[in-house]
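Annotation comment: TrEMBL describes 1-31 as signal peptide. According to TrEMBL, the Cu cation binding site annotation covers 102, 106. Residues or ranges marked as coiled coil in TrEMBL: 349-376. Annotated domain 'Response regulatory' per TrEMBL: 557-675, in sequence order. According to TrEMBL, the 4-aspartylphosphate annotation covers 607. The feature ubiquitin cross-link is assigned by TrEMBL to 660.
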């Protein structure tokens, strides 16, 4: 029986998988050859041996093909389960069934090389028939699948184009990100400094690095705004060449650059580009930068003033690899805006620094003027103090001697003269104190010493002084007192006396022959407070016209300390006049040493204005030397008495205080009060 292999159905429109399967199915089968298997033919042994070998080879080949066909569906099944092939799963399953049936056909063919039964032939026929049906169905399915595969190809091309566009957009985004990174880096570098020159040099250096520039320069207008001058370059060039490089401000390129805020690419024949390049280099771009001032940031109505612009010029290399694209120009524009902001901040800082320096200089001048004024004031005060001391010390001595002479017996004329001397000396001393108080202590007001005094006696004393002066010139002086004039009033006797004396001593004296002639009349109106009658006491009388008895301190041991020789001698004589036993010293050191050597002094009269020593310190030292059982009484002499002096004396243990000039009556009254209180 001759058995032939059934050809596998192959469609012309099938894909490469069918070509592979058809190549396997077209392999010859051993069953299609009509050989005898009985081995009884008369052929020689060599031919039989050769035919047998061929059959064995075909058998092995069919077995291997069947094994391969059975393994391929397993791989397809694994691939279908691992991948999402919908709607291609059916074609994969059809290919799997087709390959299994082909493998089954080859497997059955292996058993047809030996004598076989009819059932084997029937099984082979059924297998081939099923293979034909499946292969035909697979071919038809491929016909419907090809358009879908073509649409997949179109979609693939669309996706490829879309991917290219996305790549292009990603590239642009990367370029923008790189540009923004450059801008951020440049902005950070620019804002690190607030110096105008440092900002410009940093901008040029960083732009040269970011854009790979060949050169970069800054042009600024001159003071007259008639030319643009090259002021800044990162490259080291001839300084004289840079200083002499200028372009008229009315150059067309300069005007066009200043007219717009966008960057402008200059032509090869541009005067601005040629002046910046100096060499054969590449394309040139320029942009304006506003030079803002402090007046641009002040509030209120802005001033009408022309904005000043600097020009930033950038030069690329001439190798043709770089050019001025939109990205580069955008970077330049953004950086120019940042530079304008940084320059405005630098301008504010420079102006504030300049104002601070001017204020500091004015403050130094003010301090110098204040120091000089203080020195001048100190010099004036020192001069006034020295002049005051030179005037008041003799005046105090005169008043002390006059008060002592007033206690002597003298005729009426001598008494009038002596009273006039005492009164005028007291007024002069008060006037000197007032002048010293207003000039040295800067006091605008004078303190009045309001106390009761006898107005009639006051007028007589004033008339007595005037009579002494007019008598020297041979002029008689008469006065009349109205009966309605009160006798006791309250006021500052010394200052009122000075006013009356000043009025009477500043008139013109002349002789008249005609009694009808009328002389000059001066009217002075003074308003006083009347003293109540109940308040009248012996203590209310004037200290200079005192008529009460002077106390006598017989045998009182007194230690006197005064650095002025004349005042010390006068005070010594006044104390002796009061009956005291006095020891006089000229310094605070002598006072403390004398008291330490002989602590039996009952009273210490101490001048607070001792030379090289503070009278209060001497008083405290004397209190330390004293024993607990016996404390000496201390009376201080002061040219001026106020609350500060009283507080210092109280803290230092001083019992009494006498204001200079120390008269005999004032000294006696204060010593009497201190001794009575102790």
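Keep in mind that glycine also has a Cβ here, set from the backbone N, Cα and C atoms.
These numbers come from a predicted model, not from an experiment.
Where TrEMBL records a feature, it is marked here on the structure.
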{"residue": "102", "record": "Cu cation binding site", "DSSP (3 states)": "helix"}
{"residue": "607", "record": "4-aspartylphosphate", "DSSP (3 states)": "strand"}
{"residue": "660", "record": "ubiquitin cross-link", "DSSP (3 states)": "coil"}
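When Cβ atoms from all protein chains are considered, those within 10 Å of residue 102 (Cu cation binding site) total 26, not counting its own. A Cα-Cα distance of 151 Å separates residue 106 (Cu cation binding site) from the residue listed as '4-aspartylphosphate'.
Cβ neighbours of the residue listed as 'ubiquitin cross-link' (same chain, under 8 Å, six or more residues apart in sequence): 392, 396, 567, 637, 638, 639. There are 25 other CB atoms within 10 A of the CB of residue 106 (Cu cation binding site), with all protein chains counted. The Cβ of residue 607 (4-aspartylphosphate) lies under 8 Å from the Cβ of 561, 562, 563, 564, 567, 615, 636, 637, each of which sits 6+ residues away along the same chain. Note on the domain 'Response regulatory' (557-675): mean pLDDT across this stretch is 85. Counted with DSSP, the domain 'Response regulatory' (557-675) comes out as 55 helix, 26 strand, 38 coil.
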